[in-house]
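Undergrad: Residues or ranges marked as ATP binding site in Swiss-Prot: 8, 11, 91, 137, 140. Positions annotated as CTP binding site by Swiss-Prot, on the basis of sequence analysis: 8, 11, 91, 137, 140. Per Swiss-Prot, Mg(2+) binding site is recorded for 21, 23, and the stated evidence type is sequence analysis. Here Swiss-Prot flags 228-333 as domain 'HD', drawing on sequence analysis.
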């Protein structure tokens, strides 16, 4: 029985990156042998065992043979005769097919170390095309390692394009697409994930509402980048820069993607203007979120940002009644942190334009100021003044509007 450290741990170690999770491969063993040594078996798809002390994962070496569609359509062989090379060749990329034994010796049968040096994401074998999930994984790795200069090998891009064209991505479940997208949002450059998907044709399959934005022009004075799809990529990039201040970074990134989907529905005869794109965008934002089974809180936040982001841009011009309408829609009285995330999303939109990346966004401070004075209106005082039931809400709104009016002349 031989045990090897494999996968991401070896890759990240060779890149001098922090190693978070360690996965081990066991060659020449049976489940019974591991159980006898105190390992605990977990997982139903294939034998994975937890070390009795460290609780790290140990998997039996295996071979896979395609016998169906999608990423579940495989037969697996876990016999003790499966070699290290046979196990590693079933993996997706060469950089993920490097092993290390207990003495520190590296086993690299498929050129992973050279591809690490060349900053290349390259598939190991044609069997890559048997698992459509690998398309999303490679796009995510491109996002994760973008800052290190990694690119996808041309032959791998070509294979991913062929997989997309033959309809293999249709077998991906919504849950897997959303999970990989969430992981992409957690990288430093999530916009690269979507750029890769667009390059291989997968954006039109998985995110058609987003893909529809590319080629749709915007007024150059407000959007030097002109293209609505390019603008959305820039907004995602800016949202990631701001995400460290967000309560829900995933919701912030998803809202950045969804905020301008209405521009894909603009009539051609009024382009490059997009009158009413905010309200038009609510339906595609909801449909895309529902189709990917996005959680309710993330979906609701994206819809709110879609409908009200331009209100925030015009905060200094809004009537107090409109300011309060936005505040009530956001339910900022009960969810003040979501309000802060909303302001971050609007700031990302304002900065997600060529040459605007470092612009100030004073609208956020103004909105916070309005919120501060409106929140000081005491609901208990309204009740003590004799208002009841619906009249409480109406009077509360009136007093909040008055509070905003008092400070507005000073803006």
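Keep in mind that glycine also has a Cβ here, set from the backbone N, Cα and C atoms.
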Undergrad: If you run the three-state DSSP split on residue 8 (ATP binding site), which class comes out?
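TA: Assignment for residue 8 (ATP binding site) reads helix.
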Undergrad: List, in sequence order, the residues of the same chain other than 8, 11, 91, 137, 140 whose Cβ lies within 8 Å of the centroid of the Cβ atoms of the recorded ATP site.
TA: 7, 92, 93, 95, 96, 141
Undergrad: How far is it from residue 137 (ATP binding site) to residue 21 (Mg(2+) binding site), counting Cα to Cα, in Å?
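TA: Here the two Cα atoms are 17 Å apart.
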Undergrad: In whole Å, note down how far the CA of residue 21 (Mg(2+) binding site) lies from the CA of residue 11 (ATP binding site).
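TA: Residue 11 (ATP binding site) and residue 21 (Mg(2+) binding site) have their Cα atoms 12 Å apart.
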Undergrad: Summarise the model confidence on the domain 'HD' (228-333) as a single mean pLDDT, whole number.
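TA: Across the residues of the domain 'HD' (228-333) the model's pLDDT averages 97 on the 0 to 100 scale.
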Undergrad: To which of the binding-site residues 21, 23 does the lowest count of other Cβ atoms within 10 Å belong?
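TA: Comparing Cβ neighbour counts within 10 Å for the binding-site residues 21, 23 gives 21.
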Undergrad: For residue 8 (ATP binding site), just count the other CB atoms lying within 10 A of its CB, please.
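TA: Counting Cβ neighbours of residue 8 (ATP binding site) within 10 Å gives 17.
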Undergrad: If you count, for each of the binding-site residues 137, 140, the other Cβ atoms lying within 10 Å of its Cβ, which residue has the minimum?
TA: 137
